[in-house]
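These notes are about the structure you will find just below.
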């Protein structure tokens, strides 16, 4: 648990280690080791470790998950698709959190939020299966009111709002519209009693506005940290992101946006 969790400015950083595994798999080597990266990220201030075990195992593989689980000191947040195989793995491994995400083999990265409205029965059943195994469930969804309501109705206690459209906005006006959608989504989630996280596409120059939203409990960030680490080192990259997030939250609470 980080020091920042004891302050009014509490906001957690979940460091996603997927692209450490991507770098490893590019040459089929045993390095860089994503488990080592996870443990170093915790030492540098990460509040959780996020990893996505995709069906095609394009980056994280089963051995990474199994090796990391008993060694993680903060929380493991395992992202996975709503499939029997992945749910069985999650129930066996029992991460602290399981974030259910949509998945397509053709995509480079997750392209949007889980359609809870359209797949309500399957998602609700998955939530129950995971909860019965003692795993806290999060649903990765777009900041859409109908999706947020449906997420609440599944019994999931946590949502993670997809920030990809905000991150990929082509101009300031579009980015502002997407930011307002996220802010509205945060308020809607909190009103329903949900813990609200956010993530996807956030980096060192666009995270400030999102981190400043007082209702967001956690941001999950990976690619930007891995990329920045090439130039400043892994520990520094994690520390810098956490510092930026906390500074943005503190400034917002004190009227200094």
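Keep in mind that glycine also has a Cβ here, set from the backbone N, Cα and C atoms.
A quick note: this is a predicted structure, and the numbers were derived from the prediction, not measured.
Of the residues 16, 236, Swiss-Prot puts just one in the 3-amino-2-oxopropyl phosphate site with 27, 201, 222, 223: 16. The closest partner of residue 54 (1-deoxy-D-xylulose 5-phosphate binding site) among the recorded positions, by CA position, is 79; the full candidate set was 16, 27, 79, 160, 201. DSSP assigns residue 54 (1-deoxy-D-xylulose 5-phosphate binding site) to coil, not to a helix or a strand. Of all Cβ atoms in the shown protein chains, 19 besides its own fall within 10 Å of the Cβ of residue 201 (3-amino-2-oxopropyl phosphate binding site). When the CA atoms are compared, the recorded positions lying within 10 A of residue 19 (1-deoxy-D-xylulose 5-phosphate binding site) are 222, 223, out of the candidates 27, 79, 200, 201, 222, 223.
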